[in-house]
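In what follows, a single structure is set out as structure tokens and then discussed.
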DNA sequence: ATAGGGTTAG
């Protein structure tokens, strides 16, 4: 048998200088003899045109020709011509050359550049398909072929795909690469992939990603937790099940995470099921699992106590050390706190103090803070202060949260003096107040109507920083005591104080948060000052402080105080804003506002109101009513006098019509006269039949209650039409074929049309004039 | 990569 290399290297097999190749090599021939190869000008080294030592069988020659073909293959790869690259490489290997010897001679940089080039050209799939499968056929470890250039290029490409939200594509790619031991973790930030999966509520892709991630357990935990944080328990559970399939042993961390997630998603019963399942595997749960379970079920003291006992018995039986640690006890105290069991909490506190003296446990800042909260909730502020003494005696340093709890204990009891005193003490002790702490203080002052005092504190901070506050404040104290009564009567308008307080906070470096703004808005609402409330709402948006449910409810709560069209419009804007922010079903206050505002049109007609009250509870949970009203009341919709009532119920239709009428009335008072008729669209129905009774209800309201002239679409008066309808009904009853569905009946006899009503401009004007002479309320 | 404590609204 002749030398293998000489066969592969013979001109008949692979000609370096352009002789006819094997059929397999046609492409190589065409391309390599074409544009880029050989090209001495572009790259004079190596000289492909020079004749390689072909027919020699000496070792040196063999080596030389191996180097030559490796260089050639590298060059082809660099140009992104991987088919040609593999043609050369595979031919070499087929000829008996050792693949690893050959691959060691390949220029890794060139191959990497070639890969980068393909990536730039968007040929990502080809890389996986050709390059990786090709290298596999060659028995070359593909990773060796790539250096930083290719990895960078591929990372860039994955980043682009993620930017476009194409997370599945990235995971597809990574799955393929993973099969070739490619270091996929170098390509993307795991959090980038997970965030997208979570945003799309797509657990499947997240699970696929976790399966190929080098630290699978960690990633599964992260996936479970992140879905949980978004309240997506379903997806979290899917990831949990997948993690059990993929991990070879029971992971306490995974169990702990899913139990926490049950808590985050409010399904504490599910956490119990999962715990039972874990017990059934006969694996002893660790302290983390026990503690998480207790914490999630903290609202159920009975259950938490049982778990706690279970822990202790287990320790006893297995002669283990104490599994219940200080965190377990802290959770138990929290559970007592939630159940308002002050005495039990005190007993447990005594017990753990005892354990501490025996050196078994060490009470920490959490323990003391929780106990302070126990007493704060029970309005036992003196006992709360005693806990603080215990704490300092044990050498535990109170932190911001401890101080906040303590201040809150006094605030709950209405002791503003004590609150301020503690705050000063905190500052002296070097405590760093944050916005939450400041909010408690602010709230305490607000509750006691001491706006002036709150402002004074904030002014001090602004002028001299926190740590000067105590002294400055003390100087003011006498004066303040003397003028408390005047302050309660708000000698200085509270509204100036609120704005000032907020700006002081900004300047002191404490960012007013949702709670600060909500408290301020609450004060405005209390003082009947919707204008300032709305402007505060605008300001918080300006500072990118996101309103929450409480904020929306606070501002919308004062519905009865909002009277003007503008105020109602602002409310509706806020409502729409709320919907956009994802708060859906709680539009209770605004519905009431709209109802009351609209009904104000006929508020002196008692009968109508009584009838109304019986109907008001019939709203659908996600009615389109408010959107509809908002649409009509918007300023830019001023000239549209067409009301589309399609899809609304009787009650909703009534409100929308009333809203438009009230708007017309307010505009009229402001000097804008009615410009046109009102057109009311009722929907596609049989002209003389009205299943929902909307038509009847609207006509009753407009014609009978308000005395407006209502025309049907043909401009006949409603009364004329009514007679006609009755006549027709009498006649049709005889002939009607009730077995047919309405739509299939003869249109000539029962016409199907878009029903419309019209309220004429003249009758509206009459109505407005009547309204003016009628004494109000 | 590991839990547990504080504020607002009804």
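From the backbone N, Cα and C atoms, a Cβ is placed for every residue, glycine too.
Worth saying up front: this structure is predicted, and the values here are computed from it rather than measured.
In TrEMBL this protein carries:
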- A:34-48: compositional bias 'Polar residues' (COMPBIAS)
- A:722-738: compositional bias 'Basic and acidic residues' (COMPBIAS)
- A:739-751: compositional bias 'Low complexity' (COMPBIAS)
- A:16-56: region 'Disordered' (REGION)
- A:722-751: region 'Disordered' (REGION)
- A:364-398: repeat 'PPR' (REPEAT)
- A:399-433: repeat 'PPR' (REPEAT)
- A:513-547: repeat 'PPR' (REPEAT)
Compute the average pLDDT of the predicted model within the repeat 'PPR' (A:364-398).
-> 94
Lying 6 or more residues past either end of the repeat 'PPR' (A:399-433) yet within Cβ distance under 8 Å of it, the residues of that chain are 365, 368-369, 372-373, 375-377, 379-381, 384-385, 388, 391, 440-441, 443-445, 447-448, 450, 453, 457, 466-467, 469-470, 473, 510
Determine how many residues of the repeat 'PPR' (A:513-547) DSSP places in helix, in strand and in coil.
-> 26 helix, 0 strand, 9 coil
